[in-house]
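Structure first, then comments.
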Amino acid sequence: MRTTEEAEGFDGEASNTSMISGASSPYQPTTEPVLSRNVLGAIRCDTEYLKSYFGILKMVEVVLSLIGFICIETIMMCSPCGGVYFFEFVSCSAVVVTGVLLLIFSLNLHTKVPHVNWSLTDLVNTAASTFFFFLASLVLACINHNTGAEIAAVIFGFLVTGVYGINTFLAVRRWRRGNGCQGAPQTSEYMRARTASRGEMEARPELA
């Protein structure tokens, strides 16, 4: 009987020791999987953005810029080539930058970097693309050899300029609306603090 009681006591002490060591151990087996699931779960396709005006405009801009770039790349010979090279650079840059922004917004990656003003970033990109696409299309329209590829590039260049212009207009409105919403809470907090301070002064006239 004593041997059985001692064995049960040893088993209880061993189980308590294992529970204490497991609780105090910094290496928990479930820590890494939970973190990995949270990181992977945060990256998802935002279909609402793709269906919005900004998402649709972004996709149209990428497609038209890519078509214009393909048209200009089919030109084998040119003299002078300044307009062709300029249009090629603008269209290629627009495809890359706008495509990256589309990927960032559609996957909600911009929420991982909240200190960046993404509305202003999008506004700068669309405004710059509007200006440079218009300039590149105008130069190519004035300096070309009337080939089919050059005419098609000019047409798609002016089309994407119009789309970028609409996007710029909407981006300006969103940026102004965002600044107004940020300034309103600060103003209300300031007025609330002034009202509270004035009430305290009236309640305690010895502070005046």
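The backbone N, Cα and C atoms fix where each Cβ goes, and this holds for glycine too.
Taken from TrEMBL, the feature compositional bias 'Acidic residues' covers 1-11.
The compositional bias 'Polar residues' annotation in TrEMBL covers 14-32.
Among the features that TrEMBL reports, domain 'MARVEL' is placed at 49-176. With DSSP states grouped into helix (H, G, I), strand (E, B) and coil, the domain 'MARVEL' (49-176) comes out at 107 helix, 0 strand, 21 coil.
Look at TrEMBL and you will find 1-32 tagged as region 'Disordered'.
For 53-72 (among others), the entry in TrEMBL reads transmembrane segment.
Sequence-remote contacts of a segment are chain residues at least 6 beyond its ends whose Cβ falls under 8 Å from one of its Cβ atoms, and for the transmembrane segment (84-107) they are 43-46, 49-50, 54-55, 58-59, 61-62, 65-66, 68-69, 72-73, 75, 78, 118, 121-122, 125, 129, 132-133, 135-137, 139-140, 150, 153, 157, 160. The annotation transmembrane segment is assigned in TrEMBL to 84-107 (among others).
Annotation comment: TrEMBL describes 127-144 (among others) as transmembrane segment.
Positions annotated as transmembrane segment by TrEMBL: 151-172 (among others). Within the chain, the transmembrane segment (151-172) has long-range Cβ neighbours (under 8 A, six or more residues past its boundaries) at 53-54, 57-58, 60-61, 64-65, 67-68, 71-72, 87, 91, 94, 119, 122-123, 126-127, 129-130, 133-134, 136-137, 140-141, 144.
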